[in-house]
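*Asks:* For reference, Swiss-Prot lists these features for the protein:
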ACT_SITE  155  active site, proton acceptor
BINDING   10-34  NADP(+) binding site
BINDING   142  substrate binding site
């Protein structure tokens with residue numbers, strides 16, 4: 001196992017839910033935290049929580065589907081915290097409906113955020129990881145990225161694509177000692193899941209953001225010579 005102390009992590013979708021839980025879990029391990037989110041007030045609040053744990057924090061507001069905003073946000077975080085050792089691509093959106101019921105604009109927005117967001121942020125961070133011959137990238141996919149359902153065509157398409165991107169990038173950069181992994185959790189009791197009524201009214205029985213964060217910390221602490229390519233975490237009895 002390796003220590004994570006004094007490393008720097010960048011987390012997208014860092015203002016609530018999985019992003020917030022991961023930021024706090026990593027901060028407890030001595031990791032400095034950079035946060036990117038659409039709502040400045042949310043990521044600023046989490047940054048203050050992180051600082052209270054005795055590590056450095058920086059935040060920037062950006063829409064991950066906008067490459068220029070992403071590049072500016074990453075530069076802003078790096079100016080305060082230095083190079084990024086760990087990237088958690090967590091930002092995502094969902095909208096469910098029949099194939100003919102979702103508009104082309106709705107489809108495109110889901111793909112832009114869930115897939116192109118991963119692309120833009122990774123592209124902004126990866127060159128320095130290659131130069132240093134070290135780094136960790138964890139992309140949050142979903143069980144919906146492993147199987148489709150009648151009303152998840154757009155969301156599943158985006159999350160299947162994240163798995164393909166992750167697998168391909170992993171094969172490309174492992175020679176640089178960069179570990180690229182994907183997580184495929186079932187329903188997590190995040191703000192988004194609760195708002196979309198995906199927890200069947202029992203959010204306390206399904207996986208919590210803190211559960212996923214705990215797993216990511218353990219995965220990142222593995223000796224750098226090994227990594228977990230893909231992991232699926234499920235709720236036991238939702």
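From the backbone N, Cα and C atoms, a Cβ is placed for every residue, glycine too.
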*Asks:* Tell me which of the binding-site residues 10, 18, 26 sits in the most Cβ-dense spot, judged by other Cβ atoms within 10 Å.
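*Replies:* For the binding-site residues 10, 18, 26, the Cβ with the most other Cβ atoms within 10 Å is 18.
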*Asks:* Which ones in the same chain are close to residue 22 (NADP(+) binding site), with CB under 8 Å and 6+ residues apart in sequence?
*Replies:* 9, 11, 14, 88, 90, 209, 212, 213, 216
*Asks:* Mind checking which of 14, 30, 34 has the fewest other CB atoms within 10 A of its CB? They're the binding-site residues.
*Replies:* 30
*Asks:* State the Cα to Cα distance, in Å, between residue 34 (NADP(+) binding site) and residue 142 (substrate binding site), rounded to an integer.
*Replies:* 23
*Asks:* Once the DSSP letters are reduced so that anything not helix or strand counts as coil, what is residue 14 (NADP(+) binding site)?
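*Replies:* The residue in question, residue 14 (NADP(+) binding site), is coil (DSSP, three-state).
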*Asks:* Should residue 142 (substrate binding site) be counted as helix, strand, or coil on the basis of DSSP?
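*Replies:* Assignment for residue 142 (substrate binding site) reads coil.
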*Asks:* For residue 155 (active site, proton acceptor), just count the other CB atoms lying within 10 A of its CB, please.
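*Replies:* Residue 155 (active site, proton acceptor) is surrounded by 25 other Cβ atoms within 10 Å.
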